[in-house]
Amino acid sequence: MSDTNNPGDKTQTRAPSKPLTLKRPVEQGTVRQSFSHGRSKSVVVETVKRRTIGAAPGTVAPREPVAAPPPRPASVAPAPAAPARPAGRSASGVVLRTLSEQERDARAAALADAQRREAEARARAEAEVKARRDREEAERREREAAEARRREEEERRRQEDELRRKAAEDSRRRAEEEAARAAAAAPVDEAPAEAPAAPAPVAEAAPTVAPTPAPAPRPAPAPARPAAAAPAARPGAAPQRPAASGARPGVAGARPAPTAARPAAPQAPAEPRRTITADVKKPRDLNFMARPAPAPEPEKAPSPTTAARPAGTAARPAARPGAAAAEDESDTKRVIRRPGMPLKIITPPKTPKSPGGDRNRGRLTIANATAGEDERTRSVASFRRRQQRMSGHRHEEPKEKIARDVTIPETITIQELANRMSERAVDVIRLLMKQGQIHKITDVIDSDTAQLIAEEMGHTVRRVAESDVEEGLTSDEPDLEEDLEPRPPVVTIMGHVDHGKTSLLDAIRRANVVEGEAGGITQHIGAYQVAAPSGDLITFIDTPGHAAFTSMRARGAKVTDIVVIVVAADDGVMPQTIEAIQHAKAAGVPMIIAINKIDKADANPQRVRTELLQHDIQVESMGGETLEFEVSAKTGDGLPELLEGLQLQAEIMNLRANEKRDGEGTVIEAQLDRGRGPVATVLVQRGTLFTGDIIVAGAEWGRIRALIDDTGKHIPYAGPSVPVEVLGFNGTPDAGDRVIVVPNEARAREVTEYRARIKRERLNARTGGANRSLVDMMREAKEGANRKELPIIIKGDVQGSVEAINGALTALGNDEVGVRILLSGVGGITESDITLANASKAVVIGFNVRAHKEARNAAERDGTEIRYYSIIYDLVDDIKATLSGMLPPTLREERLGEAQILQIFDVSKVGKIAGCRVMEGVVQRGAHVRLLRNDVVIHEGKLAQLKRLKDDAKEVTAGYECGMSFQNYQDMRVGDFIECFNVEEIKRTL
């Protein structure tokens, strides 16, 4: 919108797009502001001289400020031409009344906006406090509180919508009233002023200003203002132009002469201060802080300057573009009128707010400090501190409880339990203290206690066991009938030592294993396959018969199908024979009795049958069901019949297996070979083992590198009932471990790590590991103070032999002496073994193994003893003799005689000497003596001197008198008896 000026018009013309600039006398200075944390900033301060503006003529009712209405045009009648301007201008001819009124309106609107924004900020803060209280209440009733917040939000929105709607109605009504007043006040150059209208009602729910009277029509312009009352001319303003010759009738010539005196207009009453509520307050923007804001003035009808404007000149708009830009977007619509055009209501364009427009609303300037409109608003630093405090309160808000699914193993530490629940460990310890338990965060609790704690804290518990890693490792599903095929029987030969078990097996295999065994006794468990006369294969397992190999015999009975009990015809049933019978009964396998050595002259097979009846074994020849065969390993008599009986028993048992499934078996024996590494003798029981399979045996795993049968040949696979040597384990497994094929290495590592951990825990529990309390250690130290121990390190050739040695040596000893095995393993003696033995003063025992060169050198340097054995008998006997030498001897007293004290003599440099008479027996010098007083032992020691008269005597017999003195004792009295005796030491044995 632009102004069209006639040649006679001297008013200022401005483009709407240019901002309003005022050239004032300005003084500048600097002020240093201090902020928190030692920060400061220099600020340029402008000092502007305050301009005094005279009061407007006429009595005008104050304007009623309302909320910003939505744009809505109003239809009004066109306004007549403005009357001629009176002579009320300044010496420079600049019109200032309209400009100052617009400026005051803009500043009043800016103040209202600032107060409204500040009120909204306070309302938001109050809403945040209320929301925080609601969240605290929502800990117990979360759903109800959430529903309440939702209803509250809906109510607040509804109220805001209602406020906006009513504010829009008020604004529309006000705009219509202003338009009507503007239309009525156009031809008022000589019309009398109308009475003020009644006050307009205020909307019910609108939180706006207090009710004020509605504006009345402006009165007729006054004749003239005094020259002294004219405000200073605005710099840069154009002089007022004279009226054009083509003015409308009644308008031209209506302007009085500039020098004509005009009666002074009545002074306008002071505008009542508007009461700004919380909803209309907003922070001040930059336009307000740039210059001092005048007090808001009441609205007026079109000024005489505008009314008296000559015809042909477009009427000045009611709101200048520069002033409109300074007003908030909530201002009411403007009413403008152009010559020859209908009256229009124009809504000023909305100025978009910049993101940081309100950032500097609290900056201190001279103009801001001297304005006096309102108290100084909050600074940026203060606002930031308030935001930080609010954010800190939000951080202190209690977090909502989150129920989690907690997985609890069999044992768990308090710290780990707290981490899984996302709780504090101190809270867990506090709950345990309520239950009467005192713990640290590193203590281990059981699964029941952990479940109780987790449920107490509102979590869901899912209990698992560490052994779950072994689930699915073996399949218990029965095999299909079409997959089952006959397999060879597994026969275990058991019996007493030297009853001919290995010789019998050699005769069947046509081999000579006995000569290869040290001492002619079996110290390893062996597995072989033999072809029966019918051509079928039979798998034999040879077990030791020595008492130390009980565990070997038990393993052999568990993996077998048939047990052959070998009994010598000349010895009969012996202790290990009875033990073998018990193992077979415990395993639930059928037994066959082989009566060996029938070729001897003193053989008595019938005595063997009779002795077996004492152990509930009735052979067929005596009406029972147990098969018995008389055989001779030396001559080979009865061996074919024995093999036929084994084949018949296998057919009765209908032994079948599935070769198509993954292989499973049992470790019969294991050893550490220096060239091949860990080697395990495995008996395959189900499925088939292939080269390259990943297998797990106890706490060891590996990939099969090679399969070797009993004849030493490499085979690609091994089926059911086939004994093979397996190479490829990463460690030596224990004899009796289950061998299982797993799909991948990850699964193998998972299983073996769990088993190794369980193995360590059991070892610590058995030897007293880290879980022992101080009381336990003190009790054990007290109990073991008088017990002597022999530390030993054992290295053997195979796992079974080492196990047998451990069992035999552990059984030795009593409460006074015993064996403490520091280390036992398979393989040669290494330098680390010597180092351990030197540190603990232990003896190193090698069973069928030798020490490495480095180990020998270290043993010679440190003086460590290494003993080599190949027969378990010799090893056990030597250790037993060593323990016997550690036993304290038995003391036995031999009474010599008795004497009575008759007189006490004091001898210088000697002390007291007792004059005695030997009552019975003999008293010897250097013998042990015991002083008795009233049949109570007063002292026990040794005789220091023995004299007969004045000569030293070796002994004094009964009836003679002598003098005696004791070692380190002088309290002797007349009438005491002295008993003389000798102490004899007797060597003890285990």
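Glycine residues also receive a Cβ, built from the backbone N, Cα and C atoms like all the rest.
Among the residue ranges 520-524, 620-624, 765-769, 830-834, the one that Swiss-Prot annotates as region 'G2' is 520-524. It is 596-599, from the ranges 448-451, 460-463, 596-599, 708-711, that Swiss-Prot records as region 'G4'. Of the listed segments 486-489, 542-545, Swiss-Prot assigns region 'G3' to 542-545. Your range for region 'G1', going by Swiss-Prot and the list 495-502, 671-678, is 495-502. Long-range contacts of the compositional bias 'Acidic residues' (467-483) within its own chain (CB-CB distance under 8 A, at least 6 residues past either end) are made by residues 657-661, 664, 696, 738, 740, 742, 750-751, 754. Take the CB of Lys501 (GTP binding site) and look out to 10 A: across all protein chains shown you find 29 other CB atoms. Annotation for the binding-site residues Gly495, Asp498, Thr543, Ile598: lowest Cβ count within 10 Å of the residue's own Cβ, Asp498. According to DSSP, Lys501 (GTP binding site) sits within a helical segment. Mapped onto three states, the DSSP output places Gly495 (GTP binding site) in strand.
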